[in-house]
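Asker: Heads up, here are the entries from TrEMBL:
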BINDING   A:110, A:148, A:179, A:180, A:181, A:182, A:187, A:266, A:267  ATP binding site
DOMAIN    A:114-296  domain 'ATP-grasp'
């Protein structure tokens with residue numbers, strides 16, 4: 001195909017996973033005239049009604065993935081937990097998939113991911129694979145330490161922090177790796193977009209603040225309040241990490257800023273990332289549009305930040321489930337520069353990611369104060385109370 | 001309904017018309033968790049696949065409009081040419097419709113529109129209703145003059161410029177009004193959002209440049225390069241005009257800046273407007289989100305301009321029809337700060353509005369130069385040549 005000539009629809013993009021990242025990717029694609037087909041097991045998944053077609057099936061269903069590939073010109077995914085063997089077979093037959101399933105395979109296994117990064121001299125916390133955190137291991141272990149399931153974790157799931165041998169009942173009974181416990185000053189993140197020619201669009205360094213209750217990223221402030229030198233160092237490390245993986249696509253690089261101002265890569269997500277939602281309003285090109293551009297052989301857009309921004313995840317309130325009921329929206333939307341996103345999930349659950357808001361403001365401090373009020377005002381409850 | 005409490009979906013919005021304005025309204029609505037139902041006669045109208053439901057039917061079909069109203073919590077429209085009698089009946093029965101069909105009725109008739117504005121001392125070109133531009137009338141007419149069909153015009157259709165009596169074969173054989181021919185310096189426009197409480201969000205004054213071939217708005221530059229005093233005067237006139245109409249909704253106010261720096265209101269559109277597309281990327285709240293907020297009893301968003309911006313309409317190339325084929329997209333998207341919108345029209349025709357691009361830039365002059373290149377590079381042709 002001549003890349004300077006597109007017939008309508010510009011391209012048919014197959015997307016594995018139809019959650020909120022899929023919905024926002026689909027919206028970016030549809031704005032630009034792309035067709036988008038989504039595979040997701042849930043009939044009412046967030047991306048379903050934005051997509052041109054929704055194939056209902058498991059992300060591990062080889063037949064459904066092949067059906068999606070057959071309909072589409074190119075495949076991508078919004079979640080790591082997919083049938084990688086099928087993707088590898090398709091890829092080996094020449095079917096375009098971005099990021100490559102071989103990159104995904106490395107990232108899926110947290111130990112291999114760290115190993116590749118360490119081999120390329122990317123700074124990471126000290127780590128080691130451990131088949132079994134048995135008595136022998138624990139007897140000589142240096143606490144505190146972090147156990148991570150090698151596969152399958154997300155949003156704090158699959159991670160156990162062991163502060164002493166007393167915490168041994170927290171140990172996850174799965175193949176895992178252990179890492180030193182990093183007493184960080186800040187958690188940082190950067191979105192990196194890298195195209196097939198190796199061109200890179202690097203978004204600003206942002207700061208992530210996590211909810212203590214859930215270990216879900218709660219607030220993202222863009223840009224992070226760190227020195228320009230540290231920001232530059234973080235950007236270099238993030239870019240080097242994606243180059244080390246030879247990643248093509250959009251990547252969220254999560255990093256620790258340690259007490260002594262070291263930057264260590266914590267984890268990489270091979271897809272649009274919660275820490276990049278602010279790019280929709282605050283950057284010239286959103287992370288979602290970048291993914292659409294990359295998989296479609298279009299040039300990268302500018303990642304320039306137009307305005308400081310703060311993003312707040314809207315989680316389902318504890319104690320409620322069922323059809324969402326939103327209170328405080330009028331008060332919230334009266335804040336100038338605030339955008340409200342709701343993910344079209346028809347059922348809320350405690351701490352489920354139901355939406356987010358982004359607030360542009362001249363400075364981060366003012367925006368954070370406004371978000372504090374939003375957190376008190378805006379509630380996503382369900383029609384049903386959960387009784388203990 | 002308590003406006004501070006929303007159940008999911010937040011509200012069901014019924015939209016009459018599913019063209020590009022409908023598509024972009026639907027996208028804003030879907031981002032925020034609203035359901036949107038669209039009435040449009042075309043199966044593959046731009047809004048069809050973004051909407052939750054598409055009722056296929058004429059915009060003048062009373063039964064279909066009632067069906068849409070029955071499904072929805074509130075009605076709005078993206079086009080003036082709809083069955084106003086049905087809307088008035090629904091409105092009189094207490095059904096919420098914004099803008100009110102009585103405001104729409106005034107705006108639909110260009111003569112009544114001008115009359116209301118003149119009664120409220122809004123400056124407008126000299127005008128008069130004329131049932132018949134017959135020989136008697138023409139014998140004493142002062143040329144040049146502009147004949148406008150009282151109803152049904154859009155994109156330059158329904159307007160005849162009569163430079164002398166020689167142009168009499170251009171006369172439109174419909175009920176019309178005549179206006180003095182305004183030799184303007186610039187054509188300006190402002191988007192005004194006004195809610196039920198009378199709160200107003202006023203967007204910047206922009207400059208519209210029209211294509212000589214088609215009289216379709218070609219380029220919009222935001223902000224207009226006029227003095228702050230003139231801009232303030234234009235904003236005041238536009239706000240006064242919407243207040244004079246008691247308009248609730250989103251309105252495009254088109255104005256002339258005359259050779260002697262008078263501002264005259266040319267026409268008002270009671271809906272999102274081509275001159276406001278730039279608000280998607282360049283303003284804190286887009287014109288489409290404002291409409292969604294207003295019809296849903298949510299507070300107005302800020303209309304602040306984040307960055308100067310220039311918008312270019314992408315029209316189907318002359319000489320082509322059929323399935324769109326886009327060339328030059330790679331070159332175009334390599335321009336930093338450029339966003340590409342394609343309206344999902346499966347058939348192109350000469351000068352059909354197929355999409356638009358918005359370019360954010362530090363200054364308008366640079367952006368206009370870049371757009372000049374885009375106009376040379378980016379072509380939307382059809383698969384079929386049109387043979388004369």
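Yeah, the Cβs are placed from backbone N, Cα and C, and that goes for glycine too.
The structure displayed is predicted, hence computed values, not measured ones.
Are these features on the surface or tucked inside, and what are their neighbours?
Answerer: Taken residue by residue with DSSP, residue A:110 (ATP binding site) is part of a helix.
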Asker: Over all shown protein chains, what is the count of other CB atoms within 10 A of the CB belonging to residue A:181 (ATP binding site)?
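Answerer: Around the Cβ of residue A:181 (ATP binding site), 16 other Cβ atoms lie within 10 Å.
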Asker: How many other Cβ atoms are found within 10 Å of the Cβ atom of residue A:179 (ATP binding site), counting all protein chains shown?
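Answerer: If we count other Cβ atoms within 10 Å of residue A:179 (ATP binding site), we arrive at 21.
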Asker: Among all protein chains shown, how many Cβ atoms are found within 10 Å of the Cβ of residue A:110 (ATP binding site), not counting that one?
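Answerer: Its Cβ shell of radius 10 Å holds 25 other Cβ atoms.
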